[in-house]
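The next block holds one structure in the form of structure tokens; read it before the comments.
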Ligand code: SF4
């Protein structure tokens, strides 16, 4: 697998649509406070399909934003990313992965040195301990290889279901859905995959995502939640699914934003943004 590259969500053209009136302010759904949870998706199969067609047309090959050079460094980067930004993790791992890109090297480096390397990241003491423990466990139980199995991954220190799903999806190409804060909010805010817990949202996503889009769905939704449908205030003017979205939080405009019109045209023409560039 090729090295990861940092990819930023492409800036979209400003919409020509003008806002009609301010939507009532609501707290964005979060794991701690999901609010009123719908019983089922607000969207029909066809509507859900149309949403993922737009994501595909806009970004046919989405990539994660964490830097890594192999399955092991991806696993470590994801463990370090809990309650930290990808940019912050990349800054800390730049040197770390130059000197320790295998479980053997990390174990030899030792917990104190790992702690020094990652001290700019939140919870660095616990994370350094987990990185050493998981490296030792990989050496002991898996011959130093990262297993491509969720159950085995979840046995590693500091690795939960979300981390396991990210590694399985990004490195092993499995169609897993890792529900982080962005996916949880999106599932409930736009009502496409509602659920009270991350696991409920993960299961709901698995039910509704059309199979041909399931490999990249996780990335599209994270990028959409991170850069467009943000927690505090969704940037509906830059939203490529504006006209399909049924969220009560959607900003009302007098016209569909240009990005949504343009992406719908790509879908209708059977093209992606890459073809059009
Ligand atoms: S229209 Fe607004 S609320 Fe709906 S998905 Fe887009 S950004 Fe989120």
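Glycine is no exception: its Cβ is also placed from the backbone N, Cα and C atoms.
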Original post:
Under TrEMBL, which of the candidate ranges 1-37, 38-74 is annotated region 'Disordered'?
Top reply: 1-37
Original post:
Which one of these binding-site residues has the most other Cβ atoms within 10 Å of its own Cβ: 229, 245?
Top reply: 229
Original post:
Could you give the number of helix, strand and coil residues in the domain 'HhH-GPD' (80-227) as assigned by DSSP?
Top reply: 100 helix, 0 strand, 48 coil
Original post:
In which DSSP state, out of helix, strand and coil, do we find residue 245 ([4Fe-4S] cluster binding site)?
Top reply: coil
